[in-house]
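Q: Have a look at this one before I ask anything.
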Amino acid sequence: MRPPAEVSVFLLSLLAPGVLYIMNNIPAFQEPLPILGMGMVVLGSVLLLLLLIVRHKTKVDPLFYVFAEFSFTCMVGLANALEQDGFISGFMSFYIKKGEPHLSTAYAVMMSYWEGVVHFILFLTIIRRMFAGKSYRNLSLLWAGSSIAHQIVFIPGVVIGKYGSNIRPAFWRNVPFFLVPFWAASLLFSRPTEMPVITADKVAAEQKKSLLSRPVDLLLSLLLLGCMALSVFRGFVVLDCPLDFCFTYIYQYEPYLKDPVGFPRVMMLVYLFYALPLLILLTYGLKTPGCSWMLDWTLFFAGAMVQTQWCHIGASLHSRTPFTYRVPADKRWPVIALNVLLAAVPALLALRCHNNPAYFMKPVPKGQTNSQKKKN
């Protein structure tokens, strides 16, 4: 009897620490080019094993191979996080020295924890649902948002930060991990949105309500406006805005924004140029009935914001961040609260949209509600 696909993927992923341990103890594998070559061989071998795992299946979603392959790399990330924080040793030291030295930064450690725990659980859950014939599109959208946000901060951050002058060949293994989430997201968005069955009367009744008569949506709209303001403000701060309150904020509240590793600077610019337009669109969607795209984009955006804020908050407090760039002790709780709110608002919006989606469904044509049909 074959084990379930998610169990096979889980067991396969557990091989990652063993591969790292072997490479860490064989000098021939500890030079820049052999590290890159061995990494590609291992990932190719994992793909072949995955093909064997599902060879008896008549039809396999191509996203399975993405989720399963990324599950393997999640264990590599978790091993890195645990070793950098001193919980284990003997797995990643060779890779940090000759592969990707930027993985020892506080931001990369927090990113590795997110991959090794949150993404790994997501992958196994998605794969289980995939082969059980259950819906997995919404969970996949959460991952897509999280993964794309991770990549568009991480890769530019390495290039423009202090590690940009020390890029080794192994860094280029990130290219497929940068491109694949975009391809996966385009595939997911091209599939039909999962719409619940709601009566036409209920849809019509919900869509007649103004924003003022929907207190939860009104509060969420105000919170989204606050997120916009914060995104603009911190974008200006990292662009060296000369105003006094910008100078005060970066030195007295979030000095991590000027950490030379580059990740916080890139993240604030991503918020300014990418998150801000999305926040505007989501605020519009809360005000305008029938914006069915809200169901997908709120999930995608929630995944992105929670991931980036986890890395940002954790790195600004982590011991691997130099003391001068950490959040000052007397300002810690206000800064943490502000950053947690920035992660929580998109998550709450996604929850609201999926718990009561009637307002966002396509408007019902006149004369098509159930009550009007009965009168006719």
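Heads up, the Cβ atoms here are built off N, Cα and C, so glycines get one too.
What TrEMBL records for 7-23, 35-54, 63-82, 102-127, 139-159, 171-189, 218-239, 266-286, 293-315, 335-353 is transmembrane segment. For 60-185, 216-350, the entry in TrEMBL reads domain 'EXPERA'.
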Q: Could you tell me whether the transmembrane segment (139-159) and the transmembrane segment (218-239) are in contact, taking contact to mean 3+ Cβ pairs under 8 Å with a sequence separation of 6 or more?
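A: Result for the transmembrane segment (218-239) with the transmembrane segment (139-159) is no.
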Q: Have the transmembrane segment (171-189) and the transmembrane segment (102-127) got at least three CB pairs under 8 Å, pairs 6 or more apart in sequence?
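A: Per Cβ check, the transmembrane segment (171-189) does not touch the transmembrane segment (102-127).
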Q: Check the transmembrane segment (63-82) against each of 7-23, 35-54, 102-127, 139-159, 335-353 and return whichever range has the most CB pairs under 8 Å.
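A: Ranking 7-23, 35-54, 102-127, 139-159, 335-353 by Cβ pairs under 8 Å to the transmembrane segment (63-82) puts 102-127 first.
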Q: Taking DSSP states H, G and I as helix and E and B as strand, how many residues of the domain 'EXPERA' (216-350) are helix, strand and coil?
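A: Taking the domain 'EXPERA' (216-350) as a whole: 110 helix, 0 strand, 25 coil.
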Q: If we skip the immediate neighbours and take only residues 6+ beyond the ends of the transmembrane segment (7-23), which ones have a Cβ under 8 Å from one of its Cβ atoms?
A: 29-30, 35, 38, 42, 46, 49-50, 53, 67-68, 71-76, 79, 90-92, 94-95, 120, 123-124, 127
Q: Do any residues of this chain, six or more beyond the ends of the transmembrane segment (293-315), have a C-beta under 8 angstroms from a C-beta of it, and if so which?
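A: The answer is 105-107, 109-111, 113-114, 118, 138, 141-150, 153, 185, 189, 193-195, 256, 259, 263-264, 267, 270-271, 275, 278, 281-282, 285-286, 321, 336, 339-340, 342-343, 345-347, 349-350, 353-354, 357, 360.
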Q: Roughly where does the domain 'EXPERA' (216-350) sit in mean pLDDT, to the nearest integer?
A: 95
